[in-house]
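Features reported for this protein in TrEMBL:
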{"type": "TRANSMEM", "residues": "12-33", "note": "transmembrane segment"}
{"type": "TRANSMEM", "residues": "45-67", "note": "transmembrane segment"}
{"type": "TRANSMEM", "residues": "88-113", "note": "transmembrane segment"}
{"type": "TRANSMEM", "residues": "119-138", "note": "transmembrane segment"}
{"type": "TRANSMEM", "residues": "150-166", "note": "transmembrane segment"}
{"type": "TRANSMEM", "residues": "172-192", "note": "transmembrane segment"}
{"type": "TRANSMEM", "residues": "254-275", "note": "transmembrane segment"}
{"type": "TRANSMEM", "residues": "296-318", "note": "transmembrane segment"}
{"type": "TRANSMEM", "residues": "330-351", "note": "transmembrane segment"}
{"type": "TRANSMEM", "residues": "358-381", "note": "transmembrane segment"}
{"type": "TRANSMEM", "residues": "387-405", "note": "transmembrane segment"}
{"type": "TRANSMEM", "residues": "417-435", "note": "transmembrane segment"}
Amino acid sequence: MGRDLPSVRKNAILNSIRVVLSIAFPLITYPYVTRVLQAENLGKVNFASSTMSYFSLLAVLGLTIYAGREGIRYRDNQIKLDCFCSELLTLNICTTVFAYICLAVTIAFIPGFQNYKGLLLIYSSTILFSTLGMEWIYTIFEDYAYITKRSIVFQIISVVLMFVFVRKKTDFYIYAAINVLASVGSNIFNCIHARKYISPRIVFNKKIFSHLKHSIIFFANSIASTIYSNIDMTMLGMMCSNYNVGIYSVSVKIYTMIKSVLVAIMSVTAPRLTYYKFNKMEEQFNKMASKLLKTMIVFLFPVVVGINLTANEIILVISGEGYIDSVVSLRILSFAILVSILASITSNILLSCKKERIVFKGTSLAAFTNFVINLIVIPVYKQNGAAFTTFLAELVVFLVGLYNARKDVTFDRMWKTLKESCIGCLAMIGVAWIIRCFVHNMVMELVLKVTICSIIYFLILTILKNDVVGEYWEIIKMRWKENN
């Protein structure tokens, strides 16, 4: 590589820190917010947020993923990189204007959205800030240090604002505005900081249409992915009550938080996988893909088991007894986390091999499956039915991806990792049962289950000489020797 780039492990740590903090700060405020706003008003905010995701998708038009993959080709050639980024920025501005026009028409002519007009307008600012932020530049250069520092500052500001200004049930508009600030407010500074890497300008040439042609498949894939990710919330809002949306939004919030941490570890490998594939470095490609899958298995299995063991306590601690109906949907969504992360791994492998059309087929099939089954199960099972269809949709994406990705990558010693993780999870279940028998304080039970079960799990994997855990122990030993 022409530029000095951080190691993948360092990027994974930085990105994990960023995501963990972005989860930790809302966790501080979420129990407070759920009690102040109540389920109905919280449901309104989540309905508006979910709906706006479609217009945000239209504004991006697949450019983020396309830029992250194709930009790697030019990151060692400043002239070509500046041209590439300027063309994408210009195209993104055009698609942003188009998205705002579509939003205005939708609000004006669809009666069902009139009651949410204020919230939709607030969340629409995410479109503008996302375009100005040019987040894809930092993906190209794998610069997670800047993104992490920036996110921490704005998360702290948002937490303070939440407690100061969200004081009563009718403050859900303020809550929505603060959410926007926490999510994309920091993107304003990207316009300045991005000049460290590129000199962006507005340009109009034929290449813009070439980029548009290639990004359309990513856009189509994102539409299908967004549909099966968000349509459950939208359909639940249309077919049931705001109460059901509010109940479901709690389990979805927890599901999204946990999933985001695991995605943070995984996502930093995508640019490097593409780089290896582009330069025909097959050995490095297979090695990284195998290590990624092993790492995810080691962390995914205890997460799924842990959520099922502590779902009741998690809901009560975070949101209170008024949201106890969220427990079942949270348990169902825990299995969706497993297949979702595995699906993301296979999708990243396929995308690095320029097989985005296969990914699109998988996500399209998942979206269709989700929509059809939602029509059947939501009227009967409400939020639990929505959670189940989310699991099915993620499973479809994973199976399609796995079937096709096996032709492009060779995974090493997966069965050993699977066996070791299963043994560790069985030990977790036994320990959790013992804790439940002897501890009757809810908060203490949750803390002990999470702490002791985690220690037992990784201790057993250490005894079994698990590759992933063993590697991290070696890193810790090395750091210890360097500092002493």
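Glycine residues also receive a Cβ, built from the backbone N, Cα and C atoms like all the rest.
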Residue numbers, six or more beyond the limits of the transmembrane segment (330-351), whose CB comes under 8 Å of its CB atoms: 65, 69, 250-252, 254-255, 258-259, 262-263, 266-267, 269-270, 273-274, 289, 292-293, 296, 300-301, 303-304, 307-308, 311, 314-315, 358-359, 362, 384, 387-388, 390-391, 394-395, 397-398, 401-402, 404-405, 408-409
Contact between the transmembrane segment (88-113) and the transmembrane segment (45-67) is defined here as three or more C-beta pairs under 8 Å separated by at least 6 residues; is that satisfied? yes
Please determine whether the transmembrane segment (150-166) and the transmembrane segment (119-138) are in contact (criterion: at least three Cβ-Cβ distances under 8 Å, sequence separation 6 or more). no
Can you find at least 3 Cβ pairs under 8 Å between the transmembrane segment (88-113) and the transmembrane segment (12-33), where each pair is 6 or more residues apart in sequence? no
Return the stretch with the most CB pairs under 8 A relative to the transmembrane segment (296-318), choosing among 12-33, 119-138, 172-192, 387-405, 417-435. 417-435
Sort out the residues at least 6 away from either end of the transmembrane segment (119-138), same chain, that have Cβ-Cβ distances under 8 Å to it, and list them. 44-45, 47-49, 51-52, 55-56, 59-60, 63-64, 67-68, 71, 85, 88-89, 92-93, 96, 99-100, 103, 107, 113, 144, 146-147, 172-173, 176-177, 180, 183-188, 190-191, 194, 197-198, 200
Sequence-remote contacts (6 or more beyond its ends) of the transmembrane segment (172-192), Cβ cut-off under 8 Å? 22, 25-26, 33, 37, 41-42, 44-45, 48-49, 118-119, 122-123, 125-126, 129-130, 132-135, 137, 150-151, 153-155, 157-158, 161-162, 165-166
Excluding the flanking five residues on each side, which residues at least 6 beyond the ends of the transmembrane segment (417-435) place their CB within less than 8 Å of a CB in that stretch? 294, 297-298, 301-302, 305-306, 309-310, 445, 448-449, 452-453, 456-458, 460-461, 464, 466-468
